[in-house]
Every structure is written in C-alpha cells, then in structure tokens.
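A short worksheet on the structure shown next.
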Number of protein chains: 6
Amino acid sequence: MRPSKRAFDELRPVSLERNYSRHAEGSCLVRFGDTHVLCTASLEERVPGWLKNSGKGWVTAEYGMLPRATGDRMRREAASGKQSGRTQEIQRLVGRSLRAVVDLQALGERQITVDCDVIQADGGTRTAAITGGYVALADCLAWMGQRAMVDPAKVLKDHVAAISCGIYKGEPVLDLDYPEDSAAETDANFVMTGAGGIVEIQGTAEGTPFSQDEFLKLLDLARKGINDLVGMQRQAIEAAQ
Amino acid sequence: MRPSKRAFDELRPVSLERNYSRHAEGSCLVRFGDTHVLCTASLEERVPGWLKNSGKGWVTAEYGMLPRATGDRMRREAASGKQSGRTQEIQRLVGRSLRAVVDLQALGERQITVDCDVIQADGGTRTAAITGGYVALADCLAWMGQRAMVDPAKVLKDHVAAISCGIYKGEPVLDLDYPEDSAAETDANFVMTGAGGIVEIQGTAEGTPFSQDEFLKLLDLARKGINDLVGMQRQAIEAAQ
Amino acid sequence: MRPSKRAFDELRPVSLERNYSRHAEGSCLVRFGDTHVLCTASLEERVPGWLKNSGKGWVTAEYGMLPRATGDRMRREAASGKQSGRTQEIQRLVGRSLRAVVDLQALGERQITVDCDVIQADGGTRTAAITGGYVALADCLAWMGQRAMVDPAKVLKDHVAAISCGIYKGEPVLDLDYPEDSAAETDANFVMTGAGGIVEIQGTAEGTPFSQDEFLKLLDLARKGINDLVGMQRQAIEAAQ
Amino acid sequence: MRPSKRAFDELRPVSLERNYSRHAEGSCLVRFGDTHVLCTASLEERVPGWLKNSGKGWVTAEYGMLPRATGDRMRREAASGKQSGRTQEIQRLVGRSLRAVVDLQALGERQITVDCDVIQADGGTRTAAITGGYVALADCLAWMGQRAMVDPAKVLKDHVAAISCGIYKGEPVLDLDYPEDSAAETDANFVMTGAGGIVEIQGTAEGTPFSQDEFLKLLDLARKGINDLVGMQRQAIEAAQ
Amino acid sequence: MRPSKRAFDELRPVSLERNYSRHAEGSCLVRFGDTHVLCTASLEERVPGWLKNSGKGWVTAEYGMLPRATGDRMRREAASGKQSGRTQEIQRLVGRSLRAVVDLQALGERQITVDCDVIQADGGTRTAAITGGYVALADCLAWMGQRAMVDPAKVLKDHVAAISCGIYKGEPVLDLDYPEDSAAETDANFVMTGAGGIVEIQGTAEGTPFSQDEFLKLLDLARKGINDLVGMQRQAIEAAQ
Amino acid sequence: MRPSKRAFDELRPVSLERNYSRHAEGSCLVRFGDTHVLCTASLEERVPGWLKNSGKGWVTAEYGMLPRATGDRMRREAASGKQSGRTQEIQRLVGRSLRAVVDLQALGERQITVDCDVIQADGGTRTAAITGGYVALADCLAWMGQRAMVDPAKVLKDHVAAISCGIYKGEPVLDLDYPEDSAAETDANFVMTGAGGIVEIQGTAEGTPFSQDEFLKLLDLARKGINDLVGMQRQAIEAAQ
C-alpha cells in the first residue's frame, strides 16, 4: 500500500498551467501532486562563446529551489555563494533532455534558457522540471514562430517527458512522492521522447543492489507514465492554439 | 494620467493569499497588481550566535527574484555566486521592518526567517514583501500559539505594512508600478505600523532633488495607502481564524 | 546632555583636508570629530559596458573600512571574500548622492570612482564620505578642467553634502557620534544640495516608531547642518584656487 | 572497426598498481589504457556532523583532474574557485558506488575519503575511479584490520566495479576510449557488485534516443566487462596478502 | 644618480608616528618618503584552533592597499572577492618577521593581529610594514604591560626591522623607491633583528641573474639601513614612555 | 646525523622522467627521494591581455598538491574554493624562476603554462618543481622547434634549477627532506642558472635568527647541489635527442 493510496502504476494528479509568467516568452507551472515547479523559457539573441559563428543555437536549463520548498528550510544557494552538486546535476540533466528533441541548427544562433524553480517540493522535482520545461520551451518556440523567427515544427523534433520509478517496500511503483522516495530501495529516473525513444536513464540502488529484472519492470512503468505525460503535454499545447 | 489609468492615490489590486505553501509554518502569496511575491515564515529552534543565552529570539528576512521575474532575464544569483547589493539592501530592510513590531523577548530563543521570493515583478517588490511577509509572520506565530509555544498577541505588537510613492510626470502618485518607477523623478518607500508610527522612510531623487513640500505629499499618500493595506492584512488574518 | 557635551544642533569639529593623496586626481581627508574618511577620486578613460557609445560618463563610489577603524577589530572584507550588505548599501548611497549633482553628459565618456576608506570610525561614516567625496570629486574635475578635458562648472551642477540626525534620549540631535548612534531611538541620514533640494532621506526607527512631527524636526536640524557643511566645502575649494 | 582495433567486447589493458602512495592508508594507481587515475583512501577519526553519535561511519569520494590530463589544458579548478558540475557529479557517483558495498555500522564512527585524481585522461575516468577506488578502500580496511580497528570482511560486503559502454558507429561496444566517447551516439555507465547486482546505471543519448533493446545489449556487455574487472581486483588484493 | 638624488646608501626620510589610531591597543603610521603605511595592533583573547590549550599565543599580520594608494587605481580586493597572491605573500612575511622576536609562550593564549594598510605607496611597502608593525606591536605589549597582562620585556625579545636594496643602473642602492624598484635589475628585501641576526632574506633577479658578490654588497647596505631603522624605533618607543 | 643518513652535502636520489604525459607538449616527473612532482608544459597561442600586440610571450606556472600527497590529508583547494597563500607564493616563484632563463621576445606571442602537481610530498616540493619544470619547458620548446615555431636555443638562454638548504641540529645541510624541514632552525631556497648566476634567494629563520656566515655556508652547499642538478637536467635532455 502506497502512503498516498495510489495504485502501483498511478501518477499523481498532474497539471500543466501555461502562460503563468507575464514576462517570459514561454512558461508553465507544472504540478505533480504537491510538487510544483515554475518553468520559464527565455530567449536571448546570443550564444555561448564556443558556438559563435556556428549557425547553431543552444538550449540550456537552470534549476533552483525556494528555501522553504521543502519540509525543513534549506540554505539559500545565493546566500551560500554556490550551487550544490545536486543542483548542478539536475540542471545538466534537464538541459540535456530538452536538447535531445531540439534541432539546434534550425533554432539558429540564439539561446533559450529554461529556468525551473521549485516552488514546493514533494519528490520528483527533476522529472517535473523536464516535463514542464518542455511545455515552456514549446511555447517559446511558438512565440518565435508567430514572429517568423523560426519554424517551430522544425526546431522541436518530438516531445520529451520524464518520470521517476522505484522499488518501494519490495514493489515497483510509478512516480515516487517524497515519503516513498526517502524510503525506496531503488530509485530511477527515465527521460523518453514521444516516439518512445530513451533519452536518459539514471538508476541508483539506495540500499541493496537491484537486478536486471527489477530494472526492466521500472522501465515498463516509466514507459506507461511517460506516455500519459506526453498526452497531457499535447493537450496543454493544443489548448493554447 | 498614469499608464495604468489609476487615480493618483489608488493602489493596484492587492491580494494576500494565505497558506500558499504546504511546508512553511506561515506563508502568503502577496500580489500588488502584476507584482507577485511568495513569503514564507520558517521557524527554527536556534538563534544567531550573538543571541545565545540572551533569552531573546530573532526575526530575519531573505529576498530573491526568480531569474525571469523581470522583463529581461537576470542572472541567477546562486550561479553568479553572490547576492547583489540591491538584494542585500532589500532583505535588510524587510528584516528591520518586521522586527519593528516584534517583541523579541516574548518570542524566546528562536529564529523566524521570512523568505520573500519574487515570482513576478512589476515594481514595488520590497514593499509587497514587507506587507505579505507580515502576514506570513503572523501565521507562523499563530501556528506557534496553537502549540502553546508563545502568546502571539504578546510577540506581535502591531501591524506593519509598506508602500512606495513617487513623483511621476510632476505629480505625486501612490504605489508605483514598473513603468512609473523607471520614469519617476523621485521614488520613496514608506514603512508604517497599524498605529500610524513611521518605521522606515527611504526617499531618493532620481533626477532633480525634491522639496520638503513634495516629500510631505508623498508621506500623506503613503499613510493613506498603508492604512488600506493594514485593513487588508486584518481581513486576511481574521478570515484565517 | 549629549555625551560629547555638544548642543543639540551642534556639528562635531569638521575639517576637509584636500590633496591628501599624491596619486589621485582629487582627494580629501574628511574629519567629523573622530570619524576620519579618506576620499580619493580616480579618473579612468572608460565607462561601464551599458554606457559605451552613449556619450555619457559615470560617477561611482566604493566604500571600505580598515579592520581596526572600530572599537573591536572587524574581519577584513578582502579576507572574508565579500563585501557586507552594509558596505554595499553605503557605497550605492554615496554614488547616487554624488551623481545627483553631476551632469553625466557634460562629463563625457569617462568614469570617476570615488573611494571612501574609513581610517577611523566614530559614527556618521557614510555622511562624512558623501561630504568629503564631493570635495575629492570637485578637485578631480578641476584637474580635468586644467587639462581642458571638461568644463568643471558644467559638470558639477551644485554642492552635495550629508548629515545624520537622530532622537537621542527623547531629543532630536544633529550629527550623531557612535555613543549616540548606538543608543538612538531613531536614526536618519539626509543628503541635500547647496540649493537646499533633498537628494536622499533615510530614516529608521531603531526602537519605537517615530511620528511625522519628530521626523520634521530632524529634517530641520539636517538642513541647518548641511548648510554649514556646504559652507565649509566652499571654503575648502576656494582655498584651493 | 574501433579506432583502437579492439573487439567490440574487449576492455583496454587494465592494471591496478597497489601501494602507489607512501602516505595513504590505501592507494591504487588504476590504468584503463591511457586513462590513469590515482586513488588514495584516507582514514580520519571523525564523521560528518549529521552522523555524530550515530555509531555509523562514512565513505566519501573526491575527484579531480590535473589541468593537462587532457588534450587541451583545462583551467585548474582551485584557480577558478569552484568545482565544475561534472566534477561534482562524478564524485557523488563514486561515493555512492563505494558505499553500496560498505557496512557503515561495521566501520564505526570514522570517515574514509577516497580521492580519485586523474593523472592522464582518455575516456572512462569515472569508471576507472570506481574500480581503482575500490582497491584503495579495500587496502585501507586491511590496514585497519591489521590494527584491529575493524573486521574488514564485515565492513566490505562485496566487490564493486564500473565500466562504460556505448553505441559507436551503430555498434554496441565495451569500455569507450576518448575518440569513441566523443563520437558515440549513446553513452552509458554501469556500476555492479561482484555478485552481479546493479548499483547504478546512467545511460544518455548524445544524439538519437536509444531503444530498450540497444540498452539491454549495453547492459550485457557491461556485465561481462565488470566480471573481468572484479577478477582483476581479486587478483590484485590477493597478491597483497 | 638616483631619481631622488639620494646617496646610494641613504634612506628616505623615515618617520614613525605612534598612537595614530584612537581604538587600537597599539598603532603607528610609518612613512618611508612617500610610502605611508598605517599599522595597528589588535589584541584578542583567543587563539587559532591549533593553539588551543597550548599555553602559547599568536602574532599574525594582514596587509592591504587602498585602491588609489598607487599611480593607477587598483581593483579593491574586497570587491574582487579575494586577496592577490602578492597580498598573501606580504602578509605572511610580515607575520613571520614579527613572530621572530616574540616569545609566544610569554604572550600567553592571546592573539595580536597587526594590520598594515598602505595609505600611499611609493615602493617598499612591505619593509615599511614590518618596521612600523614592530612599533605598533611594542605599543600593544606596553598597553598589556600597564594592565599587568604580560611582561612586555619577556614577550618582545628584540627589535626587528626591514629594508629593501637593489641594483639600480648597475649600482647597489639602499631603500628603493617606486621609480627605482620598477627599473632595478635585482631587488632584495632583508629583515634583521636589533642584534644583527638575519630573520629573512628575499632576493630576486628581475633581469640578469646576480652574483654572490653583488648580493653581499646589498646585504651590507641593508645592515646599515636596518641599524638606522632600529635606532629610530628605539627613539620612537622611548619617547612614548 | 641526518635522519636519512645522507652526508650533509648529499642530495636525495634525483630522477627526471621525461615524456610522462601523453598529451602535454613537454612533461617531466621529477623525483627528489620521496618527493614526486609531475610537471607539464602546455602551449597556448594566446597571451595575457597586457601582452597583446607586444610581440612578447609569457611563461607562467601553477602549483597544486594532491590531497593525500602529505602525511595527513589536506583539504582539496578546488573544494575549499581558493588557493592558499602558500600555493600562490610557490607558483609565483616557479614562474619567476623559469622566466629568468627565457627570452620572451624570442618566444613570440604565445603562453607556456608549466603545471607542477605534487603527487607525493617529502619536503622540497617547490625546488623540485623548478628543477623538473625546466625540463618540461625545454621539451615543450623542442617540440615547438621541431615544428619550426621557434628556435629553442634562442628562447632558452640557460638552465635553471633549485634546491633547499637549512641548518639542522646546528649543521648546514643540503636538500632538506620533510623530517629535517620541520625541525630546521633556518630554511633557505636557492634558484640558480647553469652559469652560476643567482635568480632567487629565500632564507627564513624558523627559530633563532641566522648569521651572515651561516647563510654563506648554505649558499655554498646550494651551489654544489644546483651544479649537480643542472648536470642531470643536461643528461635527461640529451638522452631525449
């Protein structure tokens, strides 16, 4: 029995609230249950130094957490003067995941920065960030399309979404919330495209090592969950048109 | 004529949404028009070193802005490795303002940190932070009162709220939004208590120096605005009981 | 009775020692009693990035304190690796105050940095820094005038000086020294021009909030004090010619 | 055909040179072809604050690269003032991997820090670090066993080793060197125990997303490679006795 | 012919102005010509962690330069967020030099920090800092002696002073000023005690390497100069009694 | 009797292993007994800003120590976020020493960075770094000569090597190892050229000040030791051709 009483293969209630920010070219407040992440996509007419005169653009991500997004207040990273290893790991993952479905050539020499700021955390912030960040990115590209800067359909090759799975009390379950996450023996994050291709897999044994068989069960759960998430992304984006 | 078509002494629509955060002991999403600040109050059973064994507690504030809270994306302070002078100035002001109505002795040896994070900015973020931070603080104290940790009525001696005023196109106006703020000749922030006492005044001539007479007009406007804000704080807090 | 036995409206002995530094284009060691601040104005033929090709120059200020300028040794900011919020707040104030009387267009694309380093502190270092920084700036402009780089009279539109006032043991007093400052109920800094215009007002209730009436008494005291300081600036600068 | 002419399932020549350092309690210079990593295990009689009085110890890892370990000189992290996201990601992975086979209770309240410093890099530094770090850790525990501080057999529950695999020119291959790594479509790191349990999986599509089938082929290759590495660890450690 | 027209073995006019600071336990403004360094000695009733419960005290030094102490304005170290290698090298040298004549056991578990802040620079700031820092330290110990905290005569075993020499246009000269220093082929700093013992020698060939013979000539000059400096220290300190 | 049983004027076994690194243009693993330093010379086609368009090149050095190069593990400088004063002092010394024998004009507008990383420490790391760094630099220049970029014989004007001496138990001895270094009364580092010119002298009294006579004995020992080191450099470099 899961603490939230969900079925083993049941996502938390997910919502994708577009145009949350007045200023950003694209934005989405994504909610996976009590995990709320504000994703904004910001367009800049410049690229990192190593891409100058390459004709290619760049998509990058940054991640942050409000100090009291969590049960205990965490020290503000701006005050401590550096981003934690965890923060850097997550923002690298989000950036890689989004770039996996972007044609940087078709984007042209511009940078889109997707900021993912956790307003409230209850496990799964990085997978929510990828899933919602995709919507913000899509909206930013639509905004550019309306201004004839790019052809959004060429830049964005597919959907990308992410979900965590884990082995909780011996059972493979989908979309861990914080109480499950902190007790799980194994915790894995999956990033997949709309076409079902795998972009990133990260599986970690917190306690006992896991077997190939267990891992494949998590992968199956993830596939199902990501399928649902991609459907919600589609709905949210179509609603926008 | 103000860009927002407001009367010279008219506040923007203000809302104080309590219990916005699931984790914090007190929280309030405050909106002054398009300026949205999430304020959380976090209780910790420790005090800064210089207060140990003093029997007194501490109330402090931190301030941050999401990178795309503004029209152009700003660099994330956690990434640049330090808080700007502006950030530090604001968080010092918010802390001082809240402490002005707190009896630190009655609080006992505990610290409450009020985090004010700007989700979206359109001028007046620091005054919104003080006004909303007060509500978060009051809720945190109510939470403590329910647990018989303190007598909230003794700790919180009065209300405190804040508003900006300025001279825009030669006219004194109340509650500057960003288009006004960036064009104002003079810009002043006022922090006052429910009883009408002045806690803090900060007036700055952006262009031509201002006269005593002009300043007194701003002070009158501020008094009116703060009166209204204190009324809204009262309403929000009573609604909670 | 004030600890220094001064009358309530009496400044400390003030001196403005010009040409203190052999290297700087302008310099002034300003003394307000035991508060000694060395102000140097340094000319550089470059402007901040956002002013390039604007035809406008910039005046900025930096502030520092020698570690043992105070009763207890403070940690050296260069050693701790960052400037405190207080330091940043003060240097922003000094820069704004000086710019209030400078025509940046007439200065041309150059930057003048006014460094204010506290050699010894006894309260009122920021107001001394503004008052002495003005003299250093005026001397730097005179130096430029002698080299036909600018017309100093066009660049420097007026005088600017600053003083603190406060309510000490219930009485409004002028020019707080450290013993008064640390005991004052209300502490306010005023920056005004030679023509009597107000450039900046910062008033803070350290304990009980203050009333409008009290505040106006402080403003009157400040006006008188700044009048005297501007007279001393005039004398010091004329003596130089 | 691989650039190194190795078979698709062939490891580079691997060596594990124990007792490389005169000072460390355990040390191993591990070579995977031209990738050379010096691993030292340092024992300290203290634990992180959150483990004090828990009766449990801690194993952690740090990772670094000499500036010219790579084809182009990289900036020294000590000079740039911070560790890159990549460095932090790797050292977190190495630490987690080693802890997966350690009984922290049996270790007692002590910390072992495994430093992995890349002397020369040619791809696969993180997997070499885990594989060699295990030997340094085992030697450190043997050192402690000789002094009757712990029972090494109880502390170290199993072997742990790691290897990278990838899809290079459409073919799954084992143990990527740098030329393969920089051209691979998919890159995955596997960490497994001597008993065959999976500790960590990290798979990333650099270009086209990969399929489940491809992923399982990489997992098979990894299992074979890690089997061989564990054999070499056994040999190296036995040789020591 | 030296730019300053001094004889080859002639010091610049040196003055040691004691009690320059109102707050510090000991202080001295030392002038070597146009090089002016403010030295303060601050007593603290604590020692670095590694000396706790050792019964021994510590003497340390810090060094700084005001931004416009030099011909061109230098960036403020507090603003750049770190002390330069040069600054650290100098403050280590000053600390070592002063400790060479202090009996740390006789000092007891206390720390004296000698801050050396360059108000104006014209070459030889580090040697001026040692020479003036000694006077500040002696005054601090006298202050402690008056309060029966230590026996100053036991703590301070001897005098210590320092001077630079160099080969300028082929000639060995004493006490380089900035124009000489920047043109010298060889530059050496000597620290010696009142009894003539050598505490520190630092000789550097800026251009052509130097010979042993040349070096011995510099050493002779230094001995003469330090003799004179020790005489001035004696005079300054006796004048104080 | 020295702890290592060496004669008072006997070097430790010294070896200079060239081409240690596969990537660097020049490299040398230098061993002075148990002190092992890896020196790499990296060529870059750029110079520091202040040398642009000067026609001159630059040679600089960086220094680091692996955390467990020493008896007790030291904190990693990359983790603590800054290089210690000692590190900076050493890398400045190594850079100055190497530049003393380089014709920067003949090098042309390029920079060679010599990284000296201490793999294992037993005293004398800075002198080993200079001695081995010279070999790496010579190899880098030979590499450039083979590509007709420079005439190595014109760029490298002479040899340079370094050694420490000290007064240990009252006796002047050559090439201090760690047990001697930590007990020595006086410790001096000498840098000399192949022609016998002195490039740098650094002598420090750790306890009692030393006399001129003692110092000259150390200088004699150093001359002998450096003579031997230069011979070994010659041999190593010739062996390479």
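Placement of Cβ uses the backbone N, Cα and C atoms for every residue, glycine included.
Non-local neighbourhood of F:T125 (phosphate binding site): F:T35, F:V37, F:M65, F:I90, F:C116, F:V118, each in the same chain, at least six residues away, with C-beta under 8 Å from its C-beta. If you look up TrEMBL, you'll see F:R86, F:G124, F:T125, F:R126 marked as phosphate binding site.
Here TrEMBL flags F:10-140 (among others) as domain 'Exoribonuclease phosphorolytic'. Broken down by DSSP into helix, strand and coil, the domain 'Exoribonuclease phosphorolytic' (F:10-140) contains 42 helix, 41 strand, 48 coil.
If you look up TrEMBL, you'll see F:160-225 (among others) marked as domain 'Exoribonuclease phosphorolytic'.
Comparing the binding-site residues F:R86, F:R126 on other C-beta atoms within 10 angstroms of each C-beta gives the minimum for F:R86. The full span of the recorded phosphate binding residues, F:R86, F:G124, F:T125, F:R126, taken as their largest Cα to Cα distance, is 13 Å.
Within the same chain, residues at least six positions away from F:G124 (phosphate binding site) with a Cβ under 8 Å of its Cβ are F:F32, F:T35, F:I163, F:S164, F:D175, F:L176, F:D177, F:D181.
Residues F:R86, F:G124, F:T125, F:R126 make up the record's phosphate site, and a Cβ search at 8 Å around their centroid adds F:Y63, F:I90, F:V118, F:A121, F:G123, F:T127, F:A128, F:A129 from the same chain.
Summed and averaged per residue, pLDDT over the domain 'Exoribonuclease phosphorolytic' (F:160-225) gives 96.
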